[in-house]
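Taken from TrEMBL, the feature compositional bias 'Gly residues' applies to 377-392. Residues or ranges marked as compositional bias 'Acidic residues' by TrEMBL: 510-524. Taken from TrEMBL, the feature domain 'Ig-like' applies to 10-143, 148-241, 246-328. Positions annotated as region 'Disordered' by TrEMBL: 372-392, 503-530. According to TrEMBL, the transmembrane segment annotation covers 343-367.
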Amino acid sequence: MARDYAARCPVWIAYVAAAAILIVAKGAGAQKVRVEEEVEAYPTGTVDLRCQFIDGGGRTKLTQVSWIWEPSDGQRDNIAVYHPIYGQSSPNLGFKDRVVFLHNSLENPSIRISGLKMSDAGRYTCEYATYPSGNEQGTTTLVMLAKPKNSAKAVTVQAGNRSAVVAQCEAAEGKPAATIKWLAAVGGNHTTSSANGPDGTVTVRSEYRLVPTPADNGRDVTCMVDQRTQERPWVYHVTLSVEYPPSVSIVGYDNNWYIGRSDAALLCLATANPEPTSVTWTTASGPLPDTVAVDGNKLSVRKVDDAVNTTFICEAKNKHGASRQQITTVVIEAPEDPLSAGVVAGAVIGSLLALLLVVALIAVLLARSRRQQRRGYPGGGDSVATGSGGNGDDYGNKARLLFGGAGNGGGKNGTGANNNGPIYTYREGCDATGTLTEKANDFHHHHLHHPSADKPPSAHDILLSGEMGEAERRKFDLDDSMEEEEERYDRFEGVVAPAYRVRRGHGGEEEMDVYLDDDDDDDMESQRDGSVISRTAIYV
């Protein structure tokens, strides 16, 4: 029990190495012999066996000391003797030149044994011859340890329905005996046996068994050996070897073997252990067509035609048997020329683009026409006076009237100025159309003068009429330039738009004058005829 505890506890082992365990040999009086209870050693190594005599009273006389070896029960061999006068000797020839006394002293007759063998294991007794008490002794057990020779291997088997040994693991000539375990995920089991050697070593063998299948080929099982002399368990991975006949499959057919195709091919894939010794291609109707070529397990079609519209057969063989697989290929018509298809697609796309271009051009023209109508340009048959012919968004004469009228206050555009030029007013009609009428610029009066039917027109009226006609002609001559000017004017932000003023005229009719705010008086410019016009306003 003490030995098992020492093996499990390193601290206890260190203590045993540092201090000896006392074995007291009791005789007459209190004489004692101190030795170690157990010592471990390995073959080819050396070991020291310690011995010391303890004399409590100092009255014992030591005569001689001997070391006696007991390899087995009932056998005793004297291997070393020391006498203070005659020295040391080795009576056993098996230990001659291998055992020596470390100290030439009766009080400490420790010995060293070299060149150890497994057969050296046994009991070693240190025995004193004393006077007057007689012999005193102490015994040490020498345990010889041997590291096992570990090995593992796979056993090649053929796939079948019976359990078979597929792997072996062995720990040979070890002492003490080793322990073998298996780690595997293949669902097998193991058996273990041991055999004792003549020198006391033990050989342990273990076999792993299962019902082998092709799927087990190449899988791993692990052998693990544990033994006292090893710092850690010995681990070895064994790859199983299961032999079986070929299993064949054909790949490469894509259901698109059309007439004229030149890259069609088939591959014959065969899995087997050992590898297939031969792979052959045939057809169900006999020999291969002239348009195919075979290179090992590959069948290539130089040019697809009706001859390859057949059933191909691949056969693979190894020492355990043969296996075959077949596939039927169907030849179809060649697809359309992709170049012609591209031309058709290009024509369709071009037609769509042309149609989109025409639609875009029409949209631009319509947008331009609507913009002109919104800005009040006269259409076909429209007059300057009425502004008719446009839609509800047309500005008409009201938006185009940018002449200075009778304004409030005494500014340049008001009544305080001596503006003798013509003033045009806008008059709303009942049908939402307006007429442009002329208003005389009287210095003292701001009402509208209407020449009577019985009174001939004066020179001033004739002059005003001529100026009005000239204004209309200038308007129509400048229609094109007005559009560009209007666009430029629209880009300016912050320009104050002309204001309108509605007042009652003779007969209760409403009249609308156009005038500029007093803040814009600096923008006005006097004319030679006495009128004042805006530098930025557009006159028609």
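Glycine is treated like the rest: Cβ placed from N, Cα and C.
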Confidence summary (mean pLDDT) of the domain 'Ig-like' (10-143): 81
Number of helical, extended and coil residues in the domain 'Ig-like' (10-143), per DSSP: 15 helix, 61 strand, 58 coil
Helix, strand and coil counts within the domain 'Ig-like' (148-241) (DSSP): 3 helix, 56 strand, 35 coil
For the domain 'Ig-like' (246-328), residues assigned helix / strand / coil by DSSP: 3 helix, 48 strand, 32 coil
